[in-house]
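Per TrEMBL, domain 'SAM-dependent MTase RsmB/NOP-type' is recorded for 1-353. Here TrEMBL flags CYS107, ALA108, ALA109, PRO110, GLY111, SER112, LYS113, ASP138, ASP165, ASP191 as S-adenosyl-L-methionine binding site. Here TrEMBL flags CYS244 as active site, nucleophile. Per TrEMBL, the feature region 'Disordered' maps to 358-425, 633-720. Annotated compositional bias 'Polar residues' per TrEMBL: 379-388, in sequence order.
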Amino acid sequence: VRVSVPHSHAKEILHCLKEKYFRELQDLEVDGQKVEMPQALSWYPEELAWHTNLSRKILRKSPELEKFHQFLVSETECGNISRQEAVSMIPPLLLNVNPHHKILDMCAAPGSKTAQLIEMLHADMNVPFPKGFVIANDVDNKRCYLLVHQAKRLNSPCIMVVNHDASSIPNLQIDVDGRKEVLFYDRILCDVPCSGDGTMRKNIDVWKKWTTQNSLQLHGLQLRIATRGVEQLAEGGRMVYSTCSLNPIENEAVIASLLEKSQGALELADVSSELPGLKRMPGITKWKVMLKDGQWFEEWKDVPSNRQTQIRPTMFPVKDEEKLKAMNLERCLRILPHHQNTGGFFVAVLIKKSPMPWNKRQPKVHQKLPQRTGDTEVTAANSDNGSECITEEPTLAENEESKKPQELQNSDTEQSKKEGVCGPPPSKKMKLFGFKEDPFVFLPEDDPLFLPIQKFYALDPSFPKMNLLTRTQEGKKRQLYMVSKELRNVLLNNSEKMKVINTGIKVWSRNSDGEQFGCAFRLAQEGIYTLYPFIHARIINVCIEDVKILLTQENPFLSKLSSETQKKVKDMAMGSIVLKYDPDPEKPDDLQCPIVLCGWQGKTSLRAFVPKNERLHYLRMMGVEVFKAKRKEEELESKTEEEVQHRLAQTEEGMEVEDKEHNSVTKMEAEIGEESSHSPVESSAMEVENEIEDLDQSSKKVNSPVSQESKDVDTSNAKN
């Protein structure tokens, strides 16, 4: 279990874990066995990672552990903690990421390491837009959506998920002072596909399916991905190569081959002083290669010609002692399972000192695609030691596109860039697999949509409105997303060669009846911490008691809140608001970290617009027992279900009742603008009924225009 570092509540979460949940496990017995206390990972900075021996099955099934399990699930959904294999946390730590770094994660799914990288970018919570970004890539389209889910939890405007073959990921371009330049990354994580034999303690499949053939088949791909990685690395940049395997053919053999063909452009970094407390073994310099049938080979010259397709020269150790010594292979890290109760793992940290020898001049942006493709073939044919050189491989994909009528393609691309539209690549080949992604459309500078938003929330003149985007070119814009300035640059200059799955953070959502309150868009909780520094209006400072009421009751009347809050709300127009809690240093027992929530001010009520798991998180931090609250919620759901059945029976008696109740519910939706996903945490069936009756009374007096969307809502669903 790893606590997210940039989270302003990291200390509070850690305190909650140690003082509450771990203490409750102290004298616990499950199935007659005493539960071992969770231990902090000695090598992980600031005690932010913990290890427990509890198996998934016991954690899920034991009633005694239900509370702890619910905490883990809920906080993981919010992005406050991540459940991750201990050794898997090592590569991002060794990358030494700073907030200004441009980072590429080449084989990113399922995304736990990507989440770590995003956390490192946001090390300073006071900077809403770090200058760096993470481009997370995976070859498997379906796994990309798993990656999106992981990244979304962290609510960052600096992450982009793309779908490419890592061994031929295209060269991207960026605009630097009006001229196009190739994008080089400061940090690259190269966690390649591997045989996974280091996971044999937890993965039963390894025992059934493992053969020496696995590593022989993967070696070539691993070397191609690593080669493509170092090509895209900036000079002075750092690349971490890692596998969850202990087979030297997937590890030292790949690194040795890479170092040999780099001719001094790369070196292995000495990281022996980093991560003190981590038990590690040095990389090895001697190994043999074995076939599936048990034949061993010590040198390439011993391999019979009929086996030379299975075994390649790059799989063998370097024989020249001087060369081998200069490589410093012992600087690689081997993590063995029995040393600190982990999985098996291999890590190598590479630093790029100069351009790769086959690419001495840093690549410039050319338009002569056929000629470059020809050059590539020559280079590949001339490359020594049997390995494939893939320097300019992305141009093959570009060449596919150039088969279309060139003039048409160029005019389309230019037009798209003018309009700020970044669609998927035009290549037909791309559309044969995966889902068709909507385009990314940046808001034009003079878009009339933005003016009412700017006025309503009194946005600071420094607000980067050019970074706002939507996912639709036609019709009403339903959501507004935001990316950092640097990611905007990448998106606008690479739309024709890059398949983007997802990017940006949601900052505003269209509210069906918001226009009558002065603004058609309400704030979204996902992006509130990014937006808050720029908002100067509609902010209500609330005390901790008010926060508890707002988070435990679905739509509390203003009379339930403190007199100070009531005074602040009195002169404010209805609509979306920001609820801000600042800790009081004189009350050390209260929550000592700030909270920013999205809210909605109705005529007689105030509500928080916060997803369920996030509500539970804030309540836990304030010391409110939410475990019971969940039980109450289940009871409430069963009560309201009976109530709905009763009301449906009444509806059949006459249309008059249906119309009356429909109006009351749609009016309630118009006033509170709630999404169905935000469910109540603690409320009573009686309160819900009273609110519906009160709103029914007010709907007779005030006839507000109801959108077509809410009119079309099925009556039974609306009541539910």
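Placement of Cβ uses the backbone N, Cα and C atoms for every residue, glycine included.
Any TrEMBL annotation is an automated prediction that lacks curation.
Distribution of TrEMBL features across the structure.
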residue	record	Cβ contacts under 8 Å, 6 or more apart
CYS107	S-adenosyl-L-methionine binding site	ASN137, ASP138, VAL139, ALA166, CYS190, ASP191, VAL192, PRO193, ILE225
ALA109	S-adenosyl-L-methionine binding site	ASP138, ASP140, ARG143, CYS144, LEU146, LEU147
GLY111	S-adenosyl-L-methionine binding site	ALA136, LEU146, LEU147, HIS149, GLN150, ALA151
LYS113	S-adenosyl-L-methionine binding site	SER88, MET89, PRO91, PRO92, ASP105, LEU189, ASP191
ASP165	S-adenosyl-L-methionine binding site	VAL139
CYS244	active site, nucleophile	VAL87, SER88, CYS194, GLY196, GLY198, THR199, GLY343, GLY344, PHE345, PHE346
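Across the residues the record lists as binding S-adenosyl-L-methionine (CYS107, ALA108, ALA109, PRO110, GLY111, SER112, LYS113, ASP138, ASP165, ASP191), the two Cα atoms farthest apart are 20 Å from each other.
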